[in-house]
Amino acid sequence: MAGYEYVSPEQLAGFDKYKYSAVDTNPLSLYVMHPFWNTIVKVFPTWLAPNLITFSGFLLVVFNFLLMAYFDPDFYASAPGHKHVPDWVWIVVGILNFIAYTLDGVDGKQARRTNSSTPLGELFDHGLDSWSCVYFVVTVYSIFGRGPSGVSVFVLYLLLWVVLFSFILSHWEKYNTGILFLPWGYDISQVTISFVYIVTAIVGVEAWYEPFLFNFLYRDLFTAMIIGCALCVTLPMSLLNFFRSYKNNTLKHNSVYEAMVPFFSPCLLFILSTAWILQSPSDILEIHPRLFYFMVGTAFANITCQLIVCQMSSTRCPTLNWLLVPLFLVVLVVNLGVASYVESVLLYTLTAVFTLAHIHYGVRVVKQLSNHFQIYPFSLRKPNSD
């Protein structure tokens, strides 16, 4: 597996023909963030590789996830009567989240500024974004946590899936239309949550215990915003963009089956992981919520990365992801009945397998495309300049 090549010759040929096409209509992005990023990018030296900026932002998101996991391992820290997360942690997480968001906004501008834009850069950016979804959502969960003032771990699991499907919807659009319509919810959520982290440090988590309006709690507002943004903004806009492409006869896939293939693996991942939760003899999500979220998010990231490779290379998306096979076997074993410690071992093992497999996939794909385009992924030097 060390030298396994995930990108086929057909896909490499497709990458050679690839042209970036994206549409951003979000007023916050157009009139506030882009002017801000245009100023910030001038601070970076011209020798700094865009992919290094992308990776740095991703590492900040991972750091936030690990920092909050240390201070709030079981999501009870924000509940009444429990030891709360220190105020300085909320400030650090808020600042780093905004910095990570900023780096994600300037990496493309740095690429154009240094004339180093490549398909690898876009794939690297969006691939890491797909994995960042789980880190971001789970870190935000600590603001409310579980308990009487928070939301249950199962509700958060469902909210995580709302975010995951909202993310993949944009890439499903591009798979079918050839254009990436940047979602409005991303910029709004990043700015809002960065602000909420800082506010939490100032007013304390106890402020979120109080009703927002009448008997409507802040946790209900949190839930309603995620679901409302997905159902009232992201989904309608995606369907509208798809319909416009259909009316203009510019869809890349004519049959309904081919158009919907990218959803097969995510839907099966949702079905299998939900079946595990509902049939778990030890109530696995209550015992290991953070690990279960991470397992699901990592598998989703791998599925999404394969879709991004296909939509950028104009090749067919695989019907099923192979990571679903071990997940299916684990769910099957759990349904037959296992001891609590055995189920926990299965979750830890499966998470390790998914993580190593996804890292291997990412490293090999980056290496393949770097060799193909004859570039260094984290340097602006050319290999032949050595």
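Glycine residues also receive a Cβ, built from the backbone N, Cα and C atoms like all the rest.
Small disclaimer: the values here were computed from a predicted structure and weren't measured.
In TrEMBL this protein carries:
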type     : residues : note
TRANSMEM : 47-68    : transmembrane segment
TRANSMEM : 88-106   : transmembrane segment
TRANSMEM : 127-144  : transmembrane segment
TRANSMEM : 150-170  : transmembrane segment
TRANSMEM : 221-243  : transmembrane segment
TRANSMEM : 255-279  : transmembrane segment
TRANSMEM : 291-310  : transmembrane segment
TRANSMEM : 322-339  : transmembrane segment
TRANSMEM : 345-363  : transmembrane segment
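Ranked by Cβ pairs under 8 Å to the transmembrane segment (47-68), the stretches 127-144, 221-243, 345-363 are led by 127-144. Here the transmembrane segment (150-170) has long-range neighbours at 75, 78-79, 129-130, 133-134, 136-138, 141, 144, 180-183, 185, 219, 222-223, 226-227, 229-230, 234-235, 238, 262-263, 266, 270, 277, 285-286, 289, 292-293, 296-297, 300, 303-304, 307, meaning same-chain residues at least 6 beyond its ends whose C-beta is under 8 angstroms from one of its own. Counting Cβ pairs under 8 Å to the transmembrane segment (127-144), the top-ranked stretch among 88-106, 221-243, 291-310, 322-339, 345-363 is 291-310. Sequence-distant neighbours of the transmembrane segment (255-279) (same chain, 6+ residues past either end, Cβ-Cβ under 8 Å): 154, 157, 161, 164-165, 168, 171-172, 175-176, 285, 292, 295-296, 299-300, 303-304, 307, 310, 316-321, 324, 327-328, 330-331, 334-335. Highest Cβ contact count with the transmembrane segment (291-310) among the listed stretches 88-106, 221-243, 322-339, 345-363 falls to 345-363 (criterion: pairs under 8 Å). Same-chain residues lying 6+ beyond the ends of the transmembrane segment (322-339) with a Cβ under 8 Å from its Cβ atoms: 265, 268-269, 272-273, 275-276, 279-282, 284, 299, 302-303, 346-347, 350, 353-354, 357. Away from its own ends, the transmembrane segment (345-363) comes close to residues 1, 4, 6, 127, 131, 284, 288, 291-292, 294-295, 298-299, 301-302, 305, 323, 326-327, 330, 333-334, 338 of its chain (Cβ-Cβ under 8 Å, at least six residues beyond either end).
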